[in-house]
Amino acid sequence: MRGLAKLFFLSCSFVSLVSSEKTDESPTAVSDNYMPKATATIDPSVFALSNDFEITDVPTTREYTFDIAKAFASPDGYEREVYVVNNMFPGPVIEANTGDTIIVHVNNHLDEGQSLHWHGLRQLGTAFMDGVPGITQCPIPPGGSFTYNFTVSHQSGTYWWHSHYSNSMADGIWGPLIVHSPNEPLQRGRDYDEDRIVFITDWMHDNSEIIIAALATPEGYKGNIAPPQGDAILINGRGQTNCTATGSSSCFYPPPPEIQVPVNCRVRLRFISATAHPMYRISIDNHPMEVVEADGTAVYGPTVHEISVAPGERYSAIINTNEGKEGDAFWLRTSVALSCMFGAVSQEGLAVVRYTGNGMVSTEEPQTSAWSDLAGVTVPCTGLDQTYTLSPRDSLSAPREPLQSHFFNSERGAFVNVLGNTFQGYGFNNISYQNQIFNPLLSIVQRGGSCENTLVSSRTFPDFGPGNIIINNLDTVIDHPYHLHGNEFQVIGRGTGALSIDNLTNIDFTLDNPVRKDTLWIQGGSWAVLRITADNPGVWALHCHIGWHLTEGKLAVIVVQPSAIGHMESPESWTNLCANTDPNAFGPAKRSSSPSIQSSKTSSFQYLREVKGKVVKRRGAREA
């Protein structure tokens, strides 16, 4: 490695902040040239949150314009085409307060549909803004635009946004979303002095479409039917690949990202896992980390040397920068959790944590060593909430009796599509998700229809009140991170094997202030019981957050208060996204332009031929 260039914390000039005036929200053409024109901007310094941001309980409107396009970038030293927002890689940081309204005008300059999901935000009363094509909206077409408009209600903490169209998230469409509140249990100035984001992703040298297409064949991707672990690990948009393995003469070794922190301070590190596959274990040489947040919930947690973060999860930890003097540097290490992924190989991503003060910033690389007690290959693959007790600082006990309990049996197996072809894929309750991308389930329920069909596993919570979601991970050797949209859940029980309605009453559940999350790692051959409050009408996705598994059908939905959905009024711009499309087409289908210009010519038969029956219904029935 080379000496590190001096990095300065610059403001993000690529986010377009505009006045809160009414705009035309109908989808319109913005571009018909989909080839990359620019080199993406990679600036890790934008992940240092400024203490000048005003934390207040006075609501305001924060308005952005996001231009999604292609660009060239070499985030790990290997140049490839990437997807960018406002030419930034990763995309812009959104920072707001509880009660603020966030408006994001999205212009899609790609040659495929797109959507944005606001991971962890409940979308209370704004189910139409959740951003899942085929579930809560039609995709934003190539050359089209759409405006997301929602209020952040009763939430604060660490979140993120990302594409929910196929697995194009893995090509670069993601960024942090931080919500502050003067009433949150963790207060800047009292509990910590400085605030930094650590945005972690796996990174592939091939576009996601290439990988998805290969995984749908018997040969798999590069001879392996299992999804890849990544060619590199990126931290705040930068990493280092093995240039020898790439065979590229232009590959180079960029300096690792640098996280500058004042000496003798308490620094909050917000770890966001935007990975498409691996669980990562994170440590900082010489610095114990006090866990203080899990998925937006402030917690009392342990002080540890290493934190495990699964895809979609977020954890905050506080470190004390009193292990040296101004200019000293320490390695932040991010390693693949080898016991959590079949066939994984050792891989480490590095960042520099450097102490700053009033003098010049040193460029010397760290000479520090890793903790001697870091997890090895044989360490069980458990989530942080399994390994330690994480107690929410705002105490909330779970109701003793649920109104309803629904089972979701999750497994890989043989499925058959409508053409009669068999393939190996993923599903819930014997159904592998088949996405009618231009006929959103939310719209179907709004019109009085039902999601109970052979295209998606669906369960309904008709009334307001507590309910159980029981996930049985029947894949004995495959672990999965499960993410639930529109809801925060309490983890009231875990165990090995599988639960059924017969033995559910025999479990001693944790009801006294259990941890609250929205993404949960469940080991193969294990179960978890999630307690929700069915208070947010909508059709909400429940899916594996390994992006490659999601594209192979690992998605189900819960329908909350369908009668209330029938009285919800959808925005006109939302309805216009589905104009001139084929509701029987299966996604991710493409349109050549905005629906105001040209109607979709994609038929379900054409699409099924294209993907060779990748998403199908499973043979047989095996309901809980």
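Just so it is clear, glycine is given a Cβ too, placed from its N, Cα and C backbone atoms.
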Cu cation 3 binding, same site as H485, H543 - Swiss-Prot member from H164, H180, H205, H277: H164
Additional site residue, H480, H483, H567 [criterion: listed by Swiss-Prot with C544, H549 for Cu cation 4]: H480
Cysteine paired with C578, where Swiss-Prot records a disulfide bond, from C12, C138: C138
Further Cu cation 2 ligand in Swiss-Prot, beside H162, H545, within candidate set H119, H154: H119
Residue with minimal Cβ packing [other Cβ atoms within 10 Å] among the glycosylation sites N149, N242, N430, N503: N503
Nearest of the glycosylation sites (N242, N430, N503) to C138 (disulfide bond), judged by Cα-Cα distance: N430
Disulfide-bonded residues (C138, C578), the one with most neighbouring Cβ atoms at 10 Å: C138
Among N149, N242, N430, N503, which are recorded as glycosylation sites, the nearest neighbour of C578 (disulfide bond) by Cα: N149
